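Among the features that Swiss-Prot reports, site 'Discriminates between blocked and unblocked aminoacyl-tRNA' is placed at Asn13. Positions annotated as tRNA binding site by Swiss-Prot: Tyr18, Phe69, Asn71, Asn117. Marked as active site, proton acceptor by Swiss-Prot on the basis of sequence analysis: His23. Positions annotated as site 'Stabilizes the basic form of H active site to accept a proton' by Swiss-Prot, on the basis of sequence analysis: Asp96.
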Amino acid sequence: MSITIKLLVGLANPGPEYAQTRHNAGQWYVSQLASQENIQLKAEPKFYGLTGRIQFAGNDLRLLVPTTFMNLSGKAVAAMANFYRIKPEEILIAHDELDLLPGIAKFKLGGGHGGHNGLKDIIQKLGNDKNFYRLRIGIGHPGDKNRVSGYVLGKAPSSEQNLIDQSIDEAARCTHILGQDGLEKAMNRLHSFKAEK
């Protein structure tokens, strides 16, 4: 059973100082999809972000990278969803995930925010509706919750970055499977992916 995704969002903090930080993994994924489709993301002030449009499983798919700060991501997501009348279950949010190792990415439908400030704001701005898809991109955990903030706002060493990049490439390929064949097939492929060190 195919799934209609109409809005794909990559969470990030704006500005060059954050571009290569782990917290911006969601943006790396959306940029990868845009580059595969040969489109440039453009600033769109009314949606508080960088936007683009591709054809996806026969439907228009809007791409969005909020240029608000992470904890205000919901403002951009809600603005675009409201304008195009996109329901929460037609949205896929890509974000960095502390609870997965670098090189691992997983699709998921629904759930809480797990302490992720971007997800927290999106859930709130969508009227507490959590029923959207997520792509969780593993960045690993620093081992101490007091070090999380510095960790997500830091750059991964090149060995870890290579693993993250591989998982993002595979996730981009699996996104097409998600649209054409449904969540189960996309999950089966993505969740069995092994990044090469």
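Glycine is treated like the rest: Cβ placed from N, Cα and C.
What Swiss-Prot annotates, mapped onto the structure for a quick look.
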residue	record	CB count, 10 Å
Asn13	site 'Discriminates between blocked and unblocked aminoacyl-tRNA'	21
Tyr18	tRNA binding site	17
His23	active site, proton acceptor	22
Phe69	tRNA binding site	15
Asn71	tRNA binding site	12
Asp96	site 'Stabilizes the basic form of H active site to accept a proton'	26
Asn117	tRNA binding site	17
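Those residues noted as binding tRNA (Tyr18, Phe69, Asn71, Asn117) have their most widely separated CA atoms at a distance of 16 Å. The Cα atom of Asn71 (tRNA binding site) lies nearest to that of Asn13, taking the recorded positions Asn13, His23, Asp96 as the candidates.
Under the three-state DSSP scheme, the residue listed as 'active site, proton acceptor' falls in the helix class.
For the tRNA site, the Cβ centre of Tyr18, Phe69, Asn71, Asn117 serves as reference, and the other residues of the chain with Cβ at most 8 Å from it are Asn13, His23, Thr68, Met70, Leu72, Ser73, Gly118.
Put simply, of the recorded positions Asn13, His23, Asp96, the one whose Cα is nearest the Cα of Phe69 (tRNA binding site) is Asn13.
Taking only the Cα positions, the spacing between Asn13 (site 'Discriminates between blocked and unblocked aminoacyl-tRNA') and His23 (active site, proton acceptor) is 7 angstrom.
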